[in-house]
Amino acid sequence: METNSHQQTGEKLIRILMFTLTLSSMSALMFNIVLPQISKEFDLSIAHVSWISSAYTLIYAIGTVTYGKLADRYKLKNLLTVGLLLFTIGSLIGLASQTFWMALAGRCIQSAGAAAIPATAMLIPIRYFSPDRRGSALGMTAVGLALGSALGPIISALIVSFAHWRWLFCVPLFILITLPYYRKYLGDEQGEVRKFDWLGGGLLAVAVALLLLGVTNGAWWFIIAGLFTGVLFITRIRSAAEPFVQPKIFNHTPYSLGITIAVLLSGIGASLYFLSPLLLSRVYQLPPYWIGFAMVPAAIVSAILGRKGGKLADLKGNSFLFFVASGSLITCFVLLSSFTGVSSVMIAVFLIFGNVGQSFMLIALSNSISRTLPKEQIGVGMGIFSMLNFITQGMATGVYSKMVDLHSPFPWNPINIYPNSSVFSNIYLVLAALHVAILLFYYIQFGTRKISVQAKG
């Protein structure tokens with residue numbers, strides 16, 4: 001009887017979580033299509049307004065690990081309550097903002113709250129579902145993320161078609177609906193109390209922020225200070241009893257290689273969600289609502305085919321799925337480099353290859369990397385994997401924003417005949433070349449031999 005009640009509670013929680021993840025995913029992506037509009041309104045460069053996206057991602061990355069560790073000390077329902085309230089406060093600040101810096105502050109507070117959601121998404125399936133039913137629970141969380149990615153551009157486009165972009169901050173307020181249900185159904189479970197490395201987490205946050213400031217402002221002293229802080233962070237995690245990140249896990253060579261590939265591909269993949277709206281605005285002069293609609297087909301197809309990618313990995317293996325994903329992404333970037341400047345409808349079609357490829361890539365890398373680790377290190381290893389992916393995406397948006405502000409007199413791709421699109425064409429050509437190099441590296445490291453399975457026994 002008690003088991004049935006526990007299962008019913010889990011079913012209710014996973015549905016609430018799916019709705020929460022949908023809103024969270026939407027919030028992360030909604031502002032990308034209005035960055036050109038924000039840039040014009042405040043007379044700032046794209047590099048500066050890109051902090052709306054990159055700061056959100058960076059805080060989200062470090063916050064996700066922080067909440068995950070705090071869940072060992074405090075009740076999940078209390079942590080999630082704090083997170084959702086912060087998410088709401090940030091949304092209200094952004095909604096009332098009259099300056100760029102106030103909007104950015106709202107966005108940062110939003111992110112500090114939203115970071116509680118991934119920790120919840122990891123713990124609910126573990127605490128409320130048996131191992132044989134955990135896969136279906138994780139599948140529902142994936143559906144929530146996919147729905148958010150698909151609906152984000154649509155809702156964003158609809159709102160900015162009749163209202164000011166600040167009203168995008170209004171959408172996440174609906175997440176408050178879920179709070180009473182979490183308070184009701186989440187139990188009082190607590191994990192083993194451990195020390196939290198606040199100094200290590202702080203050093204990592206400062207190092208990443210300084211590096212991003214250096215990139216966006218072209219200030220070398222920021223970069224030098226960021227690198228110095230990074231050295232302090234490495235020193236700290238090697239000496240702390242309970243470090244923010246476990247350094248010994250990087251001694252496992254297959255894991256380190258997999259993480260390196262994942263970080264590079266995550267940075268490249270960020271271009272699909274960040275550069276595409278800028279391309280459609282600058283080259284095609286599309287208003288924000290048409291930019292949103294242009295990105296919808298790729299998001300929808302990616303959401304539909306996402307589960308197919310998982311089945312393909314089970315049937316053919318992770319390496320096969322990686323090669324399919326790489327082929328799709330290389331095709332996307334080559335087409336974008338060659339034909340940027342033609343009809344915006346074609347750009348929307350090209351992005352389908354990129355979004356589907358990126359979705360498949362995440363599945364292949366997650367499976368490949370998890371299988372390089374012994375069972376007792378999977379939780380820590382995949383937590384680091386997620387954090388580094390988010391940090392890389394935040395850093396990448398800063399780099400791309402700086403590159404877009406530069407000018408290139410002609411395209412490097414001889415097929416492209418549109419000089420006004422040369423900056424974007426050249427970026428996409430470089431990204432295609434990087435993908436080819438990474439594909440060869442992956443083939444040598446993983447494709448020609450079977451990856452060691454999880455720890456024996």
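Cβ atoms are placed via backbone N, Cα and C, with glycine included.
In TrEMBL this protein carries:
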- 12-34: transmembrane segment (TRANSMEM)
- 13-450: domain 'Major facilitator superfamily (MFS) profile' (DOMAIN)
- 46-67: transmembrane segment (TRANSMEM)
- 79-103: transmembrane segment (TRANSMEM)
- 109-130: transmembrane segment (TRANSMEM)
- 137-159: transmembrane segment (TRANSMEM)
- 165-183: transmembrane segment (TRANSMEM)
- 195-213: transmembrane segment (TRANSMEM)
- 219-235: transmembrane segment (TRANSMEM)
- 255-275: transmembrane segment (TRANSMEM)
- 287-306: transmembrane segment (TRANSMEM)
- 345-366: transmembrane segment (TRANSMEM)
- 423-444: transmembrane segment (TRANSMEM)
Count, for each of 46-67, 109-130, 195-213, 255-275, 423-444, the Cβ pairs lying under 8 Å from the transmembrane segment (12-34), and report the range with the highest count.
109-130
Stretch with greatest number of CB pairs under 8 Å, the transmembrane segment (46-67) reference, 195-213, 287-306, 423-444 candidates:
195-213
With the transmembrane segment (345-366) as the reference, find which of 79-103, 109-130, 165-183, 255-275, 287-306 contributes the most Cβ pairs under 8 Å.
287-306
Non-local residues, at least 6 beyond the ends, that sit with Cβ under 8 Å of the transmembrane segment (255-275):
29, 32, 50, 53, 249, 298, 329, 332, 351, 354-355, 358, 361, 365, 368-369, 372-373, 381, 384-385, 388-389, 392-393, 395-397, 399-401, 404, 424, 427-428, 431, 434-435, 438, 441-442, 445-446
Averaged over the domain 'Major facilitator superfamily (MFS) profile' (13-450), what pLDDT does the prediction give?
82
Compare 79-103, 109-130, 195-213 by their Cβ pairs under 8 Å to the transmembrane segment (165-183) and return the stretch that comes out on top.
79-103
Can you tell me which parts of the same chain pack against the transmembrane segment (109-130), counting only residues 6+ beyond its ends and a CB-CB cutoff under 8 A?
6-7, 9-10, 13-14, 17, 20-21, 24, 27-28, 55-57, 59-60, 62-64, 66-68, 71, 76, 79-80, 82-91, 93-94, 136-138, 141, 169, 172, 182, 187, 189, 386
